Amino acid sequence: MFVKAIFLTGFMGTGKTTIGKALAERLKVPVYDMDEFIAEMTGKEVKTIFKEQGEEFFRDLETKSIRKLPLEDVVITTGGGLPVRTENRKYMMENGIVVFLHTDLDVIFERLKEDENRPLALHASKEDLTELYLSRKTAYEDCSFMIKTTGKSINEVTEEMIERLERQDTGNTE
Ligand SMILES: Nc1ncnc2c1ncn2[C@@H]1O[C@H](COP(=O)(O)OP(=O)(O)OP(=O)(O)O)[C@@H](O)[C@H]1O
Ligand SMILES: O=C(O)C1=C[C@@H](O)[C@@H](O)[C@H](O)C1
Ligand SMILES: [Mg+2]
């Protein structure tokens, strides 16, 4: 299968990092996780950057970092807030296939509630997370296609994505 850059987007906890790794393994291409890339580049964890330099500083780092990554034969898993900036969405759509992972908020809430690594989810109520998700919904929907993950295993989501990518490849959309 021909592979250009495959960007995985979606809200926190939808499985971008996990599924991106599985997908890259299946396609035998490298994977870059943007949160991990930024942590390596700065020598700081994402939550520390948020705490010490603030969210806008982190958003600027994201916008710069995505432009440093390779764009051929690669899977790139984005941070949950990266698509909010129009320039980032434009960059992804112009340079690859953008796959939006959609997961029901009830499932996301259960996954995130005990995780200390996501500063925007830490101490957030379900209402707070819903509001944040809704404020980003149209940005996520600006994608090549969406995959619904609720009730599916990591393996099932990965296989469904490969099928969709193959159809995308042949131009056969449904
Ligand atoms: N389909 C799935 N079924 C069960 N658990 C899953 C599934 N997808 C992801 N998970 C689990 O959910 C958690 C969050 O996944 P992951 O870190 O990949 O999300 P993310 O989208 O990268 O989040 P972030 O935007 O915060 O980086 C992990 O513990 C992962 O194992
Ligand atoms: O949704 C978000 O805004 C975030 C998601 C994570 O991937 C990290 O990029 C960070 O915790 C912010
Ligand atoms: Mg991630």
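For all residues, glycine too, the Cβ spot is worked out from N, Cα and C.
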One of Arg118, Arg136, Arg164 listed by TrEMBL as binding ATP at the site of Gly13, Thr14, Gly15, Lys16, Thr17, Thr18: Arg118
Candidate sharing the substrate site with Arg59, Gly80, Arg136 (per TrEMBL), from Asp35, Asp106: Asp35
Binding-site residues whose CB lies under 6 angstroms from ligand 1, from Gly13, Arg59, Gly80, Arg136: Gly13, Gly80
Maximum Cα-Cα separation in Å among residues Gly13, Thr14, Gly15, Lys16, Thr17, Thr18, Arg118, which the record lists as binding ATP: 15
For Arg136 (substrate binding site): intrachain residues, at least 6 apart, with Cβ closer than 8 Å: Phe11, Gly81, Pro83, Val84
Protein Cβ atoms within 10 Å of Gly80 (substrate binding site), excluding its own: 23
Asp35 (substrate binding site) and Thr14 (ATP binding site), distance between Cα atoms, whole Å: 14
Env. residues of ATP site, Cβ within 8 Å of mean position of Gly13, Thr14, Gly15, Lys16, Thr17, Thr18, Arg118 Cβ: Gly10, Met12, Ile19, Thr77, Gly80, Leu101, Arg111
